[in-house]
């Protein structure tokens, strides 16, 4: 695939050509800017410039205005009278590249500290509490060049939130006690990443360049860099924070995006009032004209040992900063070709040789002044033995591009694809939208900020050739990641401990690559037949319903249909679940269902890639009930792709070589689960404990040896022999077309796979374990990789119903912010602290998830202590405060989906849970508004208090790798620490030694009854 900006270097942490833009409409008809109100800068000396003509999509109904304040802050205002949430973001064009050399992570630490009190609002959780009480949320991130802060809040409370937010940049406190505690949060955040291959590889890339270049810095920071070493060197970190903020948090390096229901004039006045006082220190914009990879860092090979059993090849070329060429984007053009996955592509040839599975290519951001061009592949076992040959093929393909020269029709196709994507772009959630815009305001003229990353305007063959000229063997760096290098390395990266070996690439290998000749198997892509040409929005049918309606109900299928009446874009979502009793009957069958679909997707890749480029994607995966298929995007060519997928499903022939490769990759992925985070392990074990049937990773690994090619070939017709299909077709589609699509799916399966219907008795869902009253169970396991503990504590409450859902959700709303403030900010238990509802198979409860260096039984005691404090907090809560929480939860629940796929996902969730409560939000919010404080206190005392008669609790304790054992319960007196509330004395829990025996001894809940009476709903 073409490398996209969101994709990191490493996997985490995808001519006579007809125009599709309405016969090349003039710009005034394709795109439009607003100038509905004439707001003159003469009205206010705080405004230096106003940009009225923000170019936007014709489909975008929001109003925009750009501002440059007198102090240099760039602003984009977005007036959206329909938004449920308002949002704002501020991006400071400073990041970890500007950290002082002796305090690594200071910019990141500064980001953390700004949340913890300001002169105007000194209470350290004032900002988060205000947002929580008004259905809001916030976050921030620090990168090499940016520190980005953002929030959302109910639309009525934008001004209050923005006022608190603005103080971050005017007068933060950097309180000493907060500083001492928050350094632990940064350290915990780093500790979470230490055994993560994505973070390790990123830091190693930085560490193997010029050590004097800012790119080489350790950006996250940890306790050593932010406390221990500064103390040793006599550095006052609080003073350094104040100095960093006063130096770099300058208005001329800031950009703001604000989105609200208010008019543009009101938004203008609000921003001017709150941000015009931010001081302009005229800080020069940091630029890095020298590339971190100089001649001595090129023609180098790095052999790297990963934590997980992965095999990757990273080929990197230093290139100049191409940012200023955004209107022609030569990196995009080359990434499109080198990263192509169709017939004749580089990936196609490498896969045919059995050397790689995936490929990503394209430009990668560095910082102002430098970039990289990357070609990354996932290696097979055979591919690891042919790295030189793989890179030779890369240079053969690059040579093909040189020989062909820049092709204007390819550029035109990219231009048209991007223009369609921009014109029919889905509406984003406000928080993500403002954060992104604030970040890119630094790079583009105000008028072009919405279009710059989409619209291509100038075909510049000279720039394409300039970048192509950088993709040469003498300009290359190569990194190979494989467990096979264990014990063969001689270097260790400082911050993450990554083991690696550095070697110069031999001259004869460089010469071999330089002499790469043309490979006749490489071809430029064919013209993309999936680019949509019909963008007609269909008229709403007379019988259109506000929610999905059942338009077909037979022994073979249930078809739900909903014509889009909200978004009016030429898109649709087609969701199918194929129920089969053979898909999950045992670990062997689960493995075979997985491999069948992985091989199927692998064989479809060349065909479906063109559709993906044209905005039409599909997802296919095995589930515990069978198979799930979704096809999303422009509806014009959607049936063509769907038909191809179903035909392939029904007639699939397995390629033996790909079978062995994908089976081996699957085994590695099962083994790699051991290296997931402790909190993820805790969630995994809890699911195994609570679900009636769930196969473990170990059971799947053991059964995988029994999956042979003949056995898998025999399994596929068995899987397809009897099915029940439940589908939701939703979007720019008619009822008749939906029925036709469903008939095509059924006919194809019947014709090629001789599929017959399932019996109704075979459509029963799995159920959830029912915990006994006053029961407390503990399950303990150890994580072999990470040096942190993880815990999930689950208080099972009851079956889902309108009343039970609202009791639980309102309680979660009330405790959410205090939980974070108490357990993370004040007690510093760890970076990951979460509370909220857990729902599975119609059963629900309250859960806490924590990852920490502290032992699980201590975390358990702190959660219990916190719950006791919340009982008093709720009892003492004023009616006004209680009603704020009800209103906040109501706003969250009634927050409208921003795009078709999000609305479809809500409806699909109702269908696959077999609850079918499509109007759930309105029904439950109406009930929510009747609740009283006494209802919640009663819910707590009955279900959650230590002595509650209907308390049902299970805890999963995941021990750190260096812990051999740990008590499941303990007492931790807090008299010596006045900041800690006293934990209750806990009874001795029942320790689960065997999952099967645990489940065998307990009853199961019944399934939740559907909201719809299907006998009445039948046509």
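Backbone N, Cα and C define each Cβ position, glycine as well.
Taken verbatim from Swiss-Prot:
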- 108, 112, 189: Zn(2+) binding site (BINDING)
- 111: active site, proton acceptor (ACT_SITE)
- 192: N6-succinyllysine (MOD_RES)
- 359, 360, 361, 362, 363: substrate binding site (BINDING)
- 429, 895, 896, 897, 898, 899, 900, 901: ATP binding site (BINDING)
- 697: N6-succinyllysine (MOD_RES)
- 853-858: motif 'SlyX motif' (MOTIF)
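Counting every protein chain shown, 21 other Cβ atoms lie within 10 Å of the Cβ of residue 111 (active site, proton acceptor). Within the chain, the motif 'SlyX motif' (853-858) has long-range Cβ neighbours (under 8 A, six or more residues past its boundaries) at 188, 191, 780, 787-791, 829-830, 955, 957-960, 963, 966-970, 972. There are 19 other Cβ atoms within 10 Å of the Cβ belonging to residue 898 (ATP binding site).
Taking the Cα atom of each, residue 363 (substrate binding site) and residue 429 (ATP binding site) are about 27 angstrom apart.
Residue 901 (ATP binding site) falls within a helical segment according to DSSP. Residue 111 (active site, proton acceptor) has 429 as its nearest neighbour among the binding-site residues 359, 362, 429, 897, 900, going by CA to CA distance. Here the candidates are the recorded positions 108, 112, 189, 362, 697. The one whose C-alpha lies nearest to that of residue 899 (ATP binding site) is 362. In this structure, residue 429 (ATP binding site) belongs to neither helix nor strand by DSSP; it is coil. Each of the recorded positions 112, 697 was scored by the number of other CB atoms within 10 A of its CB, and the lowest score belongs to 697. Under the DSSP three-state reduction, residue 362 (substrate binding site) is assigned to strand.
Each of the recorded positions 108, 192, 896, 899 was scored by other CB atoms within 10 A of its CB, and the lowest score goes to 896. Following the DSSP three-state reduction, the secondary structure of residue 896 (ATP binding site) is coil. Comparing the binding-site residues 363, 901 on other C-beta atoms within 10 angstroms of each C-beta gives the minimum for 901. For the Zn(2+) site, the Cβ centre of 108, 112, 189 serves as reference, and the other residues of the chain with Cβ at most 8 Å from it are 105, 109, 111, 142, 182, 185, 186, 190, 220, 221. Here the candidates are the recorded positions 112, 189, 192, 429. The one whose C-alpha lies nearest to that of residue 359 (substrate binding site) is 192. In this view, residue 362 (substrate binding site) is surrounded by 24 other Cβ atoms within 10 Å of its Cβ, with every protein chain counted. When the Cα atoms are compared, residue 429 (ATP binding site) and residue 112 (Zn(2+) binding site) turn out to be 24 Å apart.
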